[in-house]
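Annotation source TrEMBL lists region 'Disordered' at 1-31. Here TrEMBL flags 17-31 as compositional bias 'Polar residues'. According to TrEMBL, the feature domain 'Catalase core' maps to 28-416. The annotation heme binding site is assigned in TrEMBL to R72, R112, F161, R358, Y362, R369. Per TrEMBL, the feature active site maps to H75, N148.
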Amino acid sequence: MSRRSIQSGKGKAGELHQTSSGPRDALTTNHGVRISDNQNSLRAGSVGPTLLEDFVLREKIFHFDHERIPERIVHARGSAAHGYFECTDAIPGLSRASLFSEKGKRTPVFTRFSTVAGGAGSVDTPRDVRGFAVKFYTDEGNWDLVGNNIPVFFIQDAIKFPDLIHSVKMEADRGFPQAASAHDTFWDFISLMPETMHTMIWAMSDRAIPRSYRMMEGFGVHTFRLVNAKGKSTFVKFHWKPKLGLQSLVWDESAKLQGADNDFHRRDLWEAIDSGNFPEWNFGIQVISEKLAEELPYNVLDPTKIVPEEIAPVRIIGRMVLDRNPDNHFAENEQAAFLPSNVVPGIDFTNDPLLQGRLFSYLDTQKSRLGTTNFHQIPINAPKCPFANMQRDGMMQTFVPKGRANYEPNTLDEAGEAAGPRASKEGFRTFESNTELGNSPTDKLRVRDETFGDHFSQPRMFWHSQTENEQAHIASALVFELSKVGTEHIRKRTLSVIRNIDHDLAKRVADGLGLKVPAATPPFREPVDLGSSDSLSIQKNWQTTIRGRTVAILFAEGSDKDAIDELTSSIEGKGGSVYLVAPKVGPLKVKGGMLQADGQLAGSPSPLFDAVAMVLMPDQVEKLMKDSAARGWVSDAYSHLKAIGYCPGSKALLEDCGIVFDDGIVPNEKWAKAAARRYWDRESNLRDLA
Ligand code: HDE
């Protein structure tokens, strides 16, 4: 029996990890009593009523009845993995944090990616921001960098967060739509809050439909501070850059994936790690000197703003490798509690008003989700370094603190130093100055600083940084979203706000909706021209590679095995994976032997793959021409801009499906090379990009 399939608890009192040190040959109750029959409950007679006495049944059902905990109010659906962070460039001059102290030093991490709006059981590929939360188990305590895949946030002040989330979640009266921003309440709120415009345009871009968690960037969003051993503070922004480059889906593909595989991203992450293709990111910092912070025309404490990489380059100081899947989804993914307030000496907060609110919210929510203030004792949350304090008792106290004294100072504690553990000079010290960027620490004001008042220059810069296709995707996303908004004044108001970003964008969206461009809403501050930044575009940062991608080969009975093997090894040789698809899973008789498919055609539609090829005989093609799954397979691959490889026999299927041959539609011999990218030029033949 596998170690994972039984839970036994014959550990020492106070031991945290309940491993299988108990009997492995039999099921037991939670209290360690061996069970003789797990198929039948205890009855009064063979057809009589069940007896209350049956503690085996009662315990099992009792436990089952309470297996669910409240899901996260946001970011409920997530996928996670273990790994490590390695410092590649030590920065003791900037931070005294021990994880950055030495080149080559490794720190264990647990990383959770998530969608924001949908429930825990919702789909993986809606249009949404993605969470990117990393728990570093450093030797000086846990540091949680709880970021997103978009570097800015919708709102500037934590007090607006409940409003934002209420507006995007399913509507209050009807309970739908699930996991979607395309509805009235979201756009009602967005169009009334111009500060949302920067994140809105990112969320309408391809950033919000990533191909894989492994192919998206991560950002700490807020400006943080690093503090060195001398107490000097430096503003920084944190960045994760995927080694596989950035890659997104196209919208129709992401929508179809919601039917083809609800777990597309979860499965992708799991399978990559399971097969030894460990996802990896570089970790970098943008150092923002005080001088730069003063000079910028906006406030670096405003979370709706980026600092372009052209102005403050990203300095790579580490890398993260995820190399181990969780053993248990609930114990690790569900019970993981990330807290932006978890910082270590050398890393500190700034006065960003959104960050300040988060410092309260995450601690608070864990009590409601995990039910106890002792959630830090759950293995996934517990620090891996020693910890000691006088916090005691409470529900689910699983550690067994020793000693007579539970107060400090004391002279009775036998563990540790004579007078019990004490605060130490090495401990975390809050950076003391509160007067940066013009702040006056004596005022108590409910105001928004004027330097937070430009809501349109950066969305405009984002728009101007995109390729033509990417701009078209943003315009189409807005048309799609607003077409789902039933209330006309919300559509019009959104257009009048978008006009401040760019007139052409507003016109394209208005045309798509069949409306006229309304007058612009007067902005609080007139936008200025900030130019463009290539790092904001996905297509400009795309990697032409098959590494880490999955492609499919369609074959059928009678196909040529040698041709399939050759294609497979050419893809695998370049670091990609191959999935064999056939009308029947088989084993099927093919020319040269027998072959088993990985998936059946109707159950393995082409949105699941990065490129497709066909190895078919003319008689099979005749049959497949009449099969809607085969036609959809080919047509979707074409309209999702993927490379399609064909053999002489299968060319007729492409022609029959109305495929127009271009650089991406190639004979199989050229397919492994062609499959390394998507064919954006094709898009104008398929959709109106105006
Ligand atoms: Fe969160 N957020 N958030 N958020 N957030 C939560 O904490 C909150 C914000 C982010 O994988 C909750 O444990 C407030 C920004 C991620 O477990 C909750 C505000 C960013 C995750 C919460 C924000 C994030 C959360 C829900 C405005 C990017 C998932 C469950 C002040 C920098 C972490 C939980 C995981 C989760 C509150 C804004 C990212 C309710 C009040 C900005 C990745 O505490």
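Just so you know, glycine gets a Cβ as well, placed from its N, Cα and C.
No curator has checked TrEMBL annotations; they are predicted automatically.
Since this is a predicted model, take the numbers as computed values, not measurements.
Structural mapping of features recorded in TrEMBL.
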residue : record            : DSSP class
R72     : heme binding site : coil
R112    : heme binding site : strand
N148    : active site       : strand
F161    : heme binding site : helix
R358    : heme binding site : helix
R369    : heme binding site : helix
Measure from the CA atom of N148 (active site) to the CA atom of R358 (heme binding site) and give the result in Å, rounded to a whole number.
14
Could you measure between H75 (active site) and R112 (heme binding site) for me? Cα positions, answer in whole angstrom.
10
For R112 (heme binding site) and N148 (active site), what Cα-Cα distance in Å is obtained after rounding to a whole number?
11
If you measure every Cα to Cα pair among R72, R112, F161, R358, Y362, R369, the residues listed for heme, what is the largest value in Å?
21
Between the Cα atoms of F161 (heme binding site) and N148 (active site), find the distance and write it as a whole number of Å.
15
Could you state the whole-number distance in Å separating the C-alpha atoms of R72 (heme binding site) and N148 (active site)?
16
Would you count the other CB atoms within 10 A of the CB of F161 (heme binding site), including those on all shown protein chains?
17
Does anything in the same chain, at least 6 positions from R369 (heme binding site), have a Cβ under 8 Å from its Cβ, and if so what?
I69, P70, E71, R72, A337
Fill in the CA-CA distance, N148 (active site) to Y362 (heme binding site), as an integer in Å.
15
My understanding is the cutoff is Cβ-Cβ under 8 Å with a sequence separation of 6 or more in the same chain; which residues meet that for Y362 (heme binding site)?
V146, A337, F338, L339, P340, S341
What is the pLDDT of the domain 'Catalase core' (28-416) when averaged and given as a whole number?
96
